[in-house]
Amino acid sequence: MKPNFSKGLLPAIVIEEGTKEVLMLAYMNEEAYEKTLKTKRTWFYSRSRRSLWNKGETSGNVQHVQSLYLDCDQDAIVVVVKQVGPACHTGEKTCFHYKII
């Protein structure tokens, strides 16, 4: 089973392997997906820069991919990782650190 990239980018929800905590949300195009499979490190597509980026390439806060899951429509991906350092560019463990309710 493969993701359906016919509509463009797919959301990639990144979760920590042990805790299942949601670390971040990013987007993958087909090239980012293939690089993630090949390197076992997360690659994403930046919508603002219109280019690929490798999580942790500059910060050292890398994500080692343990498994990938597709949803039932094949248009969203869950990436299970072993996170090294914080996942958020702000230095927080997760990008979802603002509690609303």
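A Cβ is built for glycine as well, from the same backbone N, Cα and C atoms used for every other residue.
Database features, via Swiss-Prot:
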| type | residues | note |
| --- | --- | --- |
| BINDING | D71, D73, D75 | Mg(2+) binding site |
| BINDING | C72, C88, C95 | Zn(2+) binding site |
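Overlay of Swiss-Prot feature records on the structure.
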{"residue": "D71", "record": "Mg(2+) binding site", "DSSP (3 states)": "coil"}
{"residue": "C88", "record": "Zn(2+) binding site", "DSSP (3 states)": "coil"}
{"residue": "C95", "record": "Zn(2+) binding site", "DSSP (3 states)": "coil"}
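Within 8 Å of the centroid defined by the CB atoms of D71, D73, D75, the record's Mg(2+) site, lie the Cβ atoms of N4, L10, L70, C72, Q74, A76, excluding the listed residues themselves. Least crowded of the binding-site residues (C72, C88), judged by neighbouring Cβ atoms within 10 Å of its own Cβ: C72. The Cβ of D71 (Mg(2+) binding site) lies under 8 Å from the Cβ of I77, V78, each on the same chain and at least six residues away in sequence. Across the fold, the C-alpha of D73 (Mg(2+) binding site) and the C-alpha of C95 (Zn(2+) binding site) stand 26 Å from each other.
Straight-line distance linking the Cα atoms of D75 (Mg(2+) binding site) and C95 (Zn(2+) binding site), rounded to a whole number, equals 22 Å.
Long-range Cβ contacts of C95 (Zn(2+) binding site) within its own chain (separation 6+, distance under 8 Å): L23, M24, L25, A87, C88.
Note on the binding-site residues D73, D75: the fewest other CB atoms within 10 A surround the CB of D73.
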